[in-house]
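**Q** Dumping the structure here so I can ask a few things about it.
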Amino acid sequence: MLEVANILILIQIGIFIFFIILALIYSIPILLIRRFHNINNIFTANLCFATICCSICWLLNLILVYFYPNLLSYIKICVALNYLRTTCTLQVPLAIIQISVNRFCSVVYHTKFFFKTKQWAMICISTQWILGISISSIWPIIFHSTCEVPIWIEVYGFLLTVIIPSLSFTIINIMTFKYVHSSTNRVRSLSVVSRNNRHRHIKRRDLHLLRHMIVMFCIFVGGWSPIFVYSLIVFTTPNVIIIQILMILIQISAILGVMNLFFYNHELRKYLFEKILFVMKCFVIR
């Protein structure tokens, strides 16, 4: 049993490192290359950054729990770790919701230039991080003198990370789909041809991104829900092996999420493919 646990720990560390590298490969070109500095890429880069922070926190948690458990006997370290873990995990669904909020505003208020600016993106992203940090502050406030987690805080974490974001995400996307569906009938002053062209333009551009975000959120919920549900069912005596397997499921869902980002971003994918071909040609010439 101990050997299986150790193997699973090493697998988790390897997956964490692989995921962080994959997310950095996606994010770095967006941050450094000017032609990728558009609103959609800024929001997806923020999502990547949130998942990187989440992975680093959980990797740190894994290392401390299994390799340096004595450090967790210090209340301040334990509480700080729980706070960071909760905050960084929460940032992932919030980042996905922010992308949906941005898409809703750009569709509904398509004539407002402000919703197409980087200032708007920075306001959304700043709000997301401040909100996540504030909501998670229950850890240092309530558990400043103990590291024991009661079952109600597990329920709170499940609601905060999965249930409430799922409801918010669903409501925002229903509102967007409803607006797009009724946009042709609502714009009476336009001619039939221009109205149909506008409707098709909205559906091609915005519904594609919305479907992409729905897939992303389903991957996130599918990855995180099992470990929360299992922790609530067997709160007092969880099986370490099962917990580690469910953690690997979370990591796989994160990798699938980043792969989905690559699949959606055709321009970035083309750029990276060209760079890979260039490097391969250089090696062949040598």
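Placed from the backbone N, Cα and C atoms, the Cβ positions cover glycine too.
Positions annotated as transmembrane segment by TrEMBL: 6-33, 45-68, 74-99, 120-143, 155-180, 213-235, 241-263. What TrEMBL lists as domain 'G-protein coupled receptors family 1 profile' is 14-264.
Would you situate these features in the structure and describe their surroundings?
**A** If one looks beyond the transmembrane segment (6-33) by at least 6 residues along the same chain, the residues whose Cβ comes under 8 Å of a Cβ in the stretch are 41-42, 44-45, 48-49, 51-52, 55-56, 58-59, 62-63, 66, 241, 244-245, 247-248, 251-252, 254-255, 258-259, 261-262, 265, 268, 271-272.
Taking Cβ pairs closer than 8 Å, the transmembrane segment (120-143) reaches residues 39, 42-43, 46, 79-80, 82-83, 86-87, 90-91, 94-95, 97-98, 101-102, 105, 114, 149, 153, 156, 160 in its own chain, all 6 or more past its ends.
Sequence-distant contacts of the transmembrane segment (155-180) (same chain, at least 6 residues past either end, Cβ-Cβ under 8 Å): 86, 89-90, 93-94, 96-97, 100-101, 103-104, 107-108, 135-136, 138, 199, 202-203, 206-207, 210, 213-214, 217, 221, 224-225, 228-229, 232.
Long-range contacts of the transmembrane segment (213-235) within the same chain, counting only residues at least 6 positions beyond its ends with a Cβ under 8 Å from a Cβ of the stretch, are 47, 89, 92-93, 96, 99-100, 103, 151, 154-155, 157-158, 161-162, 165-166, 169, 173, 242-243, 246-247, 249-250, 252-254, 256-257, 260-261.
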**Q** Please indicate, using numbers and ranges, the residues of the same chain that are 6 or more beyond the transmembrane segment (241-263) and have a C-beta under 8 Å from a C-beta there.
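**A** Distal contacts: 1, 4-5, 8-9, 11-12, 15-16, 18-19, 22-23, 26, 44, 47-48, 51, 54-55, 58, 62, 212, 215-216, 219-220, 222-224, 226-227, 230-231, 269.
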**Q** Counting only residues 6 or more past its boundaries, what in the same chain has a CB within less than 8 Å of a CB in the transmembrane segment (45-68)?
**A** 9, 12-13, 16-17, 19-20, 23-24, 26-27, 30-31, 77, 81, 84-85, 87-89, 91-92, 94-96, 98-99, 125, 128, 216, 247, 250-251, 254, 257-258, 261
